[in-house]
Amino acid sequence: MPNSNNQLLKEIRFDWNKEEILEILDMPLIDLMWESQTVHRKFNKYNIQLASLFSVKTGGCEENCSYCSQSIYSASEIKSHPQFQVEEVMARAKIAKNEGADRFCMGWAWREIRDGKSFNAMLEMVSGVRDLGMEACVTAGMLTEEQASRLADAGLTAYNHNLDTSPEHYKNIITTRTYQDRLDTIKRVRNAGINVCCGGIIGLGETNGDRASLLEVLSNMNPHPESVPINSLVAIEGTGLEDNQEIDSIEMIRMIATARILMPKSKIRLSAGREKLSKEAQILCFQCGANSIFYGDELLTTSNPSFQSDRKLLKEVGVSFNKDFETREKTLFSL
């Protein structure tokens, strides 16, 4: 372990290197769980943020992400639809709130945000969700500084833009957008005063070194992303990665635990692929540092545990729903 536990509890770092992270990621599991749980207890209460995700516009994306069924390059048989009307989205947000969610995430299958009627509707949706007393998150691809500013003015809590994988493995997953494009988008979001939601996916054919490299980029962002979604690949027929094998749940536990050690105060979100995890594996993820989940029976194009099953699980675990999200003040972003 590159740092003693006492040192881990004293400081939050932004200078982790890949070798240190690999050493943590490869620790004996029982030691890794102990270290991550100790950090988690120090910096976070045992409560879980419930984020509900809704696909506002599905399919037809111009990017060639090899894991995604919404890409125009995918042969997946998904049900595409144009952008929902504001009223329809607000109805879904109200359902999510009534079920206990405190964040409503809205997804658009776009390469980038484009000005016009659709963007104006997005701004209206953001304002409407905030008026419900919920946090509002958007994921819609790249954006300009002006668009980020307008989203901030509308009250957007967070913008999601994942890195997906390591800089080294990235070219094997997507070629229509560069890694630097993603980092530039994150910088614009941060500089507009919007919280950053940024994570990645495991199970894309990457090595353990790639996972460490992804975590190196995330943990050296200053400040750290407020939310860090950790996804496991859901291999969908018709996508470029349809034949990839499911990851072992221990790999997800290791990724969650390492992310918690590196980014002590971030919301570590147990995201896509959670339905494949056993109840026991999910509990270990919560113990090791996961303190946010996607809540509701559907993500963008994949299934998820139901509201009812998640409430039952959280009650068994003994954690509370999270209502105390900390909004960071506007601060310039550095990489």
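Cβ coordinates come from backbone N, Cα and C, glycine included.
Sequence-distant contacts (6 or more apart, same chain, Cβ under 8 Å) of CYS61 ([4Fe-4S] cluster binding site) comprise CYS68, GLN70, SER71, ILE72, ALA109, TRP110, ARG111, GLY141. Residues annotated as [4Fe-4S] cluster binding site in Swiss-Prot: CYS61, CYS65, CYS68.
The annotation [2Fe-2S] cluster binding site is assigned in Swiss-Prot to CYS105, CYS137, CYS197, ARG269 on the grounds of sequence analysis. Classification of CYS137 ([2Fe-2S] cluster binding site) by DSSP places it within a strand.
Confidence across the domain 'Radical SAM core' (46-274), taken as the mean pLDDT and rounded to a whole number, stands at 94. Residues annotated as domain 'Radical SAM core' in Swiss-Prot: 46-274.
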Those residues of the chain, 6+ apart, with a Cβ under 8 Å from that of CYS65 ([4Fe-4S] cluster binding site): SER71, ASP164, ILE173, ILE174
Cβ neighbours of CYS68 ([4Fe-4S] cluster binding site) where a neighbour is any other Cβ within 10 Å: 23
Cβ packing number for CYS137 ([2Fe-2S] cluster binding site), 10 Å threshold: 24
